[in-house]
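Per TrEMBL, these features apply:
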type: DOMAIN; residues: 394-435; note: domain 'SOCS box'
type: REGION; residues: 86-107; note: region 'Disordered'
type: REPEAT; residues: 149-178; note: repeat 'WD'
type: REPEAT; residues: 179-221; note: repeat 'WD'
type: REPEAT; residues: 223-264; note: repeat 'WD'
type: REPEAT; residues: 265-306; note: repeat 'WD'
type: REPEAT; residues: 327-361; note: repeat 'WD'
Amino acid sequence: MASLEEQTLRKKLKNAVSQYHGKAKFIGELLVPVAPFDQKSGREAWTVAFAPNGSYFAWSQGHRIVRLIPWTKCLDSFSVGHGEEGTNALSPRHLSRQSSDGGQVVPAAGQPPEHTIDCGDIVWGLAFGSSVPEKHSRCVNIEWHRFKFGQDQLLLATGLNNGRIKIWDVYTGKLLLNLMDHTDVVRDLTFAPDGSLMLVSASRDKTLRVWDLKDDGNMVKVLRGHQNWVYCSAFSPDSSILCSVGAGKSVFLWNMDKFTPIRKLEGHHHDVVSCEFSPDGALLATASYDTRVIVWDHDKATILLELGHLFPPPSPIFAGGANDRWVRSVSFCPDGRHIASVTDDRLVRFWSIEERAPLAIASVSNGLCCAFSAQGSVLAAGTRDGSVHFWECPRSIASLQHMCRMALRRVMSTQQVEALAIPALLCDYLTYKVI
C-alpha cells in the first residue's frame, strides 16, 4: 500500500499533468487508397522525412511505394481545407491518391514535380541528402566518378526489406545507385548534415555501414558493436558524432572522423528504438520501449531530463510490460526547445525541454514514426495503415537567452563551457543543467 504522502504526491502530479495537456492543432493528412487485400500487413508507413531545404516531403506508404510531394503543395492544401476532408480538389484525401502503375504526376507550371516510386521491396528507411560541392569525397580518384553532384542536387535514400539501399534523384525520380552489402532489413538511414553525401545505414544484421555517395556509393566502413538489431542512427549537427540505438538498453556513440566507438550511454531499461540530436548538438534524445524518452548530455554521459509516458514509471524489472506505452519515435524540433514523441497508447505528445509534462497531445491510431518540418512548425507522423497525419507544433517566442545558448553550444562542448570563467548559474544554464 502506498503511504498517504505518496498518494498525495501522485494526485498532485496527475493534476499538474492534466492542466498542461492542450490539444495539438491538426492541420491535415495524406491518405492511401484501400483495397480489400490491403487490410493486413505491408501497408505500414515506417518512415516519414522532410527535405533539408523544405522543398519535399516523403513517406513510405506501404507495398514498396514511396511518395514524394512538394511540401508547399501539402501546406496549400491543408490551409485551404482547414483539416476537413474532401472539401476541395486539393484536400489531403485527393493529394494522397496514386496511379496504379506509379510514375510521375504532372505538376502545375513552375511547381516541383511529384513522384510515386516503386522501390521493389518493402521500404523501412528514408533519408534526404543534399550535396555541397566544396565537400570532397574521401576517395582520391574522384575524377573517375560517374556522378557530378551539384549545388542543387537532392537525393533520396531508401532502405529496403531485402537489405538493399536505393538512391534516387528527387527532381527526376530516377534511380542513381543500388547499394548491396547488408544481409538483412535496412531499418534506418541518415545523411551527414555537412553536405558530404556520407550515408549511414542501420540494419537488422547488427551492423551500421558508412557509404560515400560522392564515390559512386563506395562502402567506407562497417561499424560493429551492437549485439542485436540496429533500429536507428542519427548524426550530430556538425557530422562529427553518430548515435545508434537498437534491440538493447545501450545508446552507442561513434567518432565519425575515425569511425571508432566513443562511449555507451546507459540508463534505459528496454530496447532503444529512436534517437535524435538537438539542433545545437548539445542534447541527445532517445526513445525506448521502457515508456521513456531520455534527454542526455552526451558529452558527460549524464541524464538531464526524463519524459515519462506512464505514471508511475515502471520499475526496471517490469519496464517491458507496459506495451501500450511503448515509445515508437522521438523527434527534436529545429527550435531546440520542443520534442515530439509517438507511443502505442495512440497519442502524439509535444514536450518542452523546460517542463516534465506534455505541452500538448493529439490522437493518432497506430503511430510508428514522426519528424518535424525543416522550419519546425509542423510535425508529421506515419501510421500502420500507410497514412500520414500533420499537426502544428506549439508556438512560443524563444528567449534571447536560449538563442544565445544554442549559438554557443553549436561550437562548444560541455567540457569547454565548464572551463570558462563564468558564474556557476550561467554555466549550469549553458550546459542545460537548468532546463
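Just so you know, glycine gets a Cβ as well, placed from its N, Cα and C.
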Please count the residues of the repeat 'WD' (179-221) that DSSP assigns to helix (H, G, I), strand (E, B) and coil.
3 helix, 24 strand, 16 coil
Helix, strand and coil residue totals from DSSP for the repeat 'WD' (265-306) stand at 0 helix, 24 strand, 18 coil
Below 8 angstroms Cβ to Cβ, which residues of this chain, lying six or more residues outside the repeat 'WD' (149-178), approach it?
49, 51, 53, 55-56, 58, 60, 66, 68, 104, 112-113, 115, 117, 119-133, 184-189, 191, 197, 199, 201, 203, 205, 211, 213-214, 216-217
Per DSSP, what is the helix/strand/coil residue tally across the repeat 'WD' (223-264)?
0 helix, 25 strand, 17 coil
Number of helical, extended and coil residues in the repeat 'WD' (327-361), per DSSP:
0 helix, 20 strand, 15 coil
